[in-house]
Amino acid sequence: MGSSNGGNVEEAESDHLQLLSTVIPRQERERMCLIHHYHHAFRGFSAMLTQNEASELAGRDGIVSVFPDSILQLHTTRSWDFIEGTSYSNPNFKLTHHHHKSTYDVIIGMIDGGIWPESPSFRDEGMGEIPARWKGVCMEGPDFKKSNCNRKLIGARYYNIVQHTSKSKNSKEMNVVKSPRDSLGHGTHTASIAGGAQVSNASYNGLAQGTARGGYPYARIAMYKACSEDGCPSSTTLKAIDDAIKDGVDIISISIGMSSVLQSDYLKDPIAIGAFHAQEMGVMVACSGGNEGPDPFTVINAAPWIFTVAASNIDRDFQSTLLLGNGRTFQGSAINFSNLTRLETYPLAYGKSIASKFSPISEARSCYPGSLDPEKVKGKIIVCFDGFPFVSREIKKLVAEDAQAKGMILINQNGKGAPYDSGPFPFTEVETAIGYKILKYINSNKNPTATILPTTDIPRYRPAPVVAYFSSRGPGVLSENILKPDIMAPGVAILGAVIPKLEQGNAMLGEKPFHYAIKSGTSMACPHVSGASAFIKSVRPQWTSSMIRSSLMTTATVYDNVGQPLTNSSGSFAIPHEMGVGEISPLKALDPGLVFETTTQDYLNFLCYNGSPDKNIRSMSKKNFKCPKKSSAHLISNINYPSISISRLSKTSGFRIIKRRVTNVGPQNVTYTATVDAPLGLKVKVFPTKITFVENERRVPFKVLFDGRDASTGYNFGALTWSGGLYSVRMIFAVNVE
């Protein structure tokens, strides 16, 4: 995947076909065709090859990488008011250009599962003409016309993705998706979060009512439909990135990725490859960090040129009251539209009393498929544990529904997670302590009963933000010397636009289809960062993607709405491997004072330090580039990143010196003073301790020295803050002492 050096497209395709002809046998020439051809920001192609043919091709000069076409997965109102208000950290902070249209049109490219153009979030009232620099298209399909695009949704592409759809109960058929229209709801939701227009009185059947809007409501949106129900082919995702760069987007938002256990080298990762070339062309790429938390080493999309996002909650919760027959009430987490009331309770059952014949009690306790006896379950509210983590809440609910249960109480042993949307089915989820009280009531009563009331939203919920349980954690598998994830943004129970026909649980309620719904995931956190970046770009159009990233990272908040350090879903203090540098604060990021500019040279050095061969880096970058003579993994810590990570600091090796340089984007003649917040035993010194930006001096280097001789073994976390005038520039560090 080399860098594009322009040239004739037909000649490039001819060269690639010629290359294929050298590895594909003559008798199989029908396979000699290009599925995708990449030629805008970088050069490459996808084709059908055997393993031997791919291996032979990989050994040729000029070939950077050859990798299988893997299937990537999608990472599935109040949130913007919450993070922009930042009232809990600075109630007097206001900016006059907040919500005002800028003279610079920002275009967000969404690489996702398509879009529902009729949603009110994509209306174009008040928007000017489409920018002349836009080179994209609005592709038509059987259910999508050019007229579906407008001055808000300025582009829509689809790719010929083969997907499998159910033909009958026991068979599936293949069909080719030929429309940019959303069939999953994911792309519509993420696009509305990033750049949706303001829509008053939006709600999900009365929940989360208010004004829905994106991070920058005046942003233009272009959708690149690279995903189907089967997932997102990596070759198609790469093609979508290539097209987005060519079309002229400013920001690419990608809420998809591979499993953390399948992560490959950066030069074999399609998102990392595409994102590298995007940043070369001045386009920021923000990606979701994955939903495989809370285990460490699960964060994905972790290349240093990608803005990697973790998920948090906001100051709104959704609760469903559980009322027991003895009069006691408990609050559970849920999104349900139950028709049950306080006036009547129903038999309450658990475990052995609802197990089918020959089913292990452990399976019945967890509502495992096939473990329940419908005759014992019918008409009852059943209690289930969240055992068997591979059996989702959706499956457990379906098991209960199929057995004609009246409702379901799920006991969650892993701490508070995202509320589950059960539609009209009465459902609530409680923590272990409450769960044991319910079981005690069942065991001590001959005829236990209960009812589950419909969900209500709880405003001004505290504490918030909190790291989401599901949010993938660092450190990164491929390099611990870059701190990942980068930052945290709202991703729990977020209201966004959806496909009306998808939310069909409401049909049972006799209601009209919903235009908005509540979803959770780092998929929802990523477009918050994309939207925030678009907002900053609209005000600071001359800033590079690394400057925007730095401004968001160094101004992030590390305190919740009760003034305490941020926590995770278990109630422990959150660490940078969970939350990155903290929660985004877009308004403060408009005026950060100082920024860390990370250049393409930094990224090329990173590849060297990480072990990529010189020739591959030269082929990819199309630059006459040579790796530094000293290239080892520990030098990665020295690339000019807005945070510091050291994967190994020996207690016996003395000081370790880390270099950085800052760029002044604030007023001149300001002196900044360094202060360090370090854990006990870890010695951290900064040289110089003061830096002054005088006329014609925009960039100043500094060094940070770490000494772990007296520090605790393992990761030590802290922060270096440069303070000057009204500015406070915070840089998080993570140091693993051995």
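The count begins at 1 with the first shown residue.
Cβ atoms here come from the backbone N, Cα and C positions, even for glycine.
For reference, TrEMBL has these:
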DOMAIN    9-75  domain 'Inhibitor I9'
DOMAIN    105-582  domain 'Peptidase S8/S53'
ACT_SITE  Asp112  active site, charge relay system
ACT_SITE  His186  active site, charge relay system
ACT_SITE  Ser523  active site, charge relay system
DOMAIN    638-735  domain 'Subtilisin-like protease fibronectin type-III'
Between Asp112 (active site, charge relay system) and Ser523 (active site, charge relay system), find the distance joining the two CA atoms and give it rounded to the nearest Å.
10
Reported as an integer number of Å, what is the Cα distance between Ser523 (active site, charge relay system) and His186 (active site, charge relay system)?
8
Helix, strand and coil residue totals from DSSP for the domain 'Subtilisin-like protease fibronectin type-III' (638-735) stand at 1 helix, 61 strand, 36 coil
Mean of the pLDDT scores, which run from 0 to 100, over the domain 'Inhibitor I9' (9-75):
72
